[in-house]
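Worksheet: the structure to be examined is printed underneath.
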């Protein structure tokens, strides 16, 4: 925080800021080190995140006896891989479906007037404020074999389809819960795009489709990435929705961890499942970061050629 | 961890102290006051359903069970009256979870004084996570033969029983053979998917030709092979509430469920009938975790719970069957259909082999989990 005395501009800025704050409060400004401000959050993270994580890692190699037996158990049983694969797949599908649904919605929000935009925002947020339990039970009533959806389909001469107690039900429930996490980053990112750029491109002869795909979509890309990551990572850890709308026959990893720890008191195995999920997620994120770096570099090269 | 957090909290600003307090309260989980030095439960032989008035004045206790109407019934029938008579303050907590008992016992911070749990699990934990009961304080003379053991007494009896939709089948499926006959009785069958217990395995073996008296030791692999033949028609429930909901929504045409939940569904108008030839008697048990703070008080509560009046009231409130030989609960017509202590039902059902299940529960659960998922 040392400010060079030879830097008059920054000095002036500093003086203006502190002076303004002091004038506003009428007291001397608090001289808290910024690091100190972080401490409550850090203490909380250490207590509720780092410590349990370390404990889980330790248990995965130390419960019920020291050794790699829990990892061997995981590797040897094809059922374990199936649960992990299903979890990653369902999370990926949730992110993809959310993206497909949220993209046009967020775009529509950006191009609509302020009143309609506010209404669209509320529509996104209402389910967000409703209890997860209530939403899940509502889906059970809608999707069950004799439910509303199958009733409507029957009128059209279709069905009945099995819409809950399987992965379909889980996906429907999860997409609804996670949609705001896709819409909001997308909207934020799209809102930053200067729409005049698209006018400019069409004035240069680009058709609407071309200016959308070549101008708008790349500029909105950060929202796509952050929204997809948010949805994907949250989906990996979902418990209540799969427990209510899914089936023990098509378990996701959180349910499996719960069964290992709580049903069989296999803390070591439960911990292994958690650690492996974490490692798999980090590996996927690393891969994604690498790909993005590469594509950026590729884009940069292309730009250089032009 | 909590010790170091506490030390830091003294030197750092208020925000951190608040955070630490939050953490501590999250970890501590209400560790009541220190145990009183002595509890005088009076002299003379124990008598079920009684406690010396005011004997536990100032004692804090926690009773953990499975929630819902069952725990409400337990509170109304036994726990609250026990608190009033003995002077103890008894909190109701739940849901009972094995991992929570283990965590409490291993951290030597046992906050549950009496737990309502599954008999199979309890049988396997005697002397480990559960302590031996003191039968000088608990009067077990009126408990039906074979239901009490060193570490537990029955909390109530019920059955895992097959029920069927009366609107769907004109020719009622009444046996385990029918349950496994998807040609004659097409339709969805709901069974428990997240846990293993007596009922479906016995049923699969009987349907496969094993005589009821030769069931134990259960051949689980053979039972699972038999279940394979109807796997396409199976749906799974994970909680009692879910099972009941499946019946009420007629999502399943047949189901193997806990009798209390079937009763609940029928009371709410679901068109289902029990097939008692398929009934397998099981029970919930009361047990005391190892290192419980005040074992004498725990025993006194269990003794009170086992009284005739308490058992009658419990049945009237919950539809689960009493575990007192002389209990004569007053229940409605639907209730009687599900009471396994009714003579015409009692002669049809099989009583599960609690000892075998206690020894083998963990293995069966592991196999079953692998089979389901």
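Placement of Cβ uses the backbone N, Cα and C atoms for every residue, glycine included.
Feature annotation from TrEMBL assigns compositional bias 'Low complexity' to A:10-22.
Feature annotation from TrEMBL assigns domain 'ABC transmembrane type-1' to A:84-288.
What TrEMBL records for A:1-22 is region 'Disordered'.
If you look at the transmembrane segment (A:35-54), the same-chain residues 6 or more away from its ends with a CB under 8 A from one of its CBs are 278. Sequence annotations record features per position, and here TrEMBL assigns transmembrane segment to A:35-54 (among others).
Feature annotation from TrEMBL assigns transmembrane segment to A:88-108 (among others).
Sequence annotations record features per position, and here TrEMBL assigns transmembrane segment to A:120-143 (among others).
Sequence annotations record features per position, and here TrEMBL assigns transmembrane segment to A:163-188 (among others).
Beyond its flanks by at least six residues, the transmembrane segment (A:215-240) meets 87-88, 90-92, 94-95, 98-99, 102-103, 106, 132-133, 136, 170, 174, 177-178, 181-190, 192-193, 197-198, 201, 206, 252-255, 258, 277, 281, 285, 288, 292 of its own chain at Cβ-Cβ distances under 8 Å. If you look up TrEMBL, you'll see A:215-240 (among others) marked as transmembrane segment.
For the transmembrane segment (A:272-291), same-chain residues at least 6 beyond its ends with a Cβ under 8 Å from one of its own Cβ atoms are 53, 56-57, 60, 70-71, 73-74, 80, 83-84, 87-88, 225, 229, 233, 236-237, 253, 256-257, 260. Summarising the annotation, TrEMBL assigns transmembrane segment to A:272-291 (among others).
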Contacting positions for the transmembrane segment (A:163-188) when only residues 6+ beyond its ends and CB under 8 Å are counted:
86, 90, 93-95, 97-99, 101-103, 105-106, 109-110, 121, 124-125, 127-128, 132, 135-136, 139-140, 143-144, 147, 149-150, 220, 223-224, 226-228, 230-231, 234-235, 238, 241-242, 244-247, 250, 252
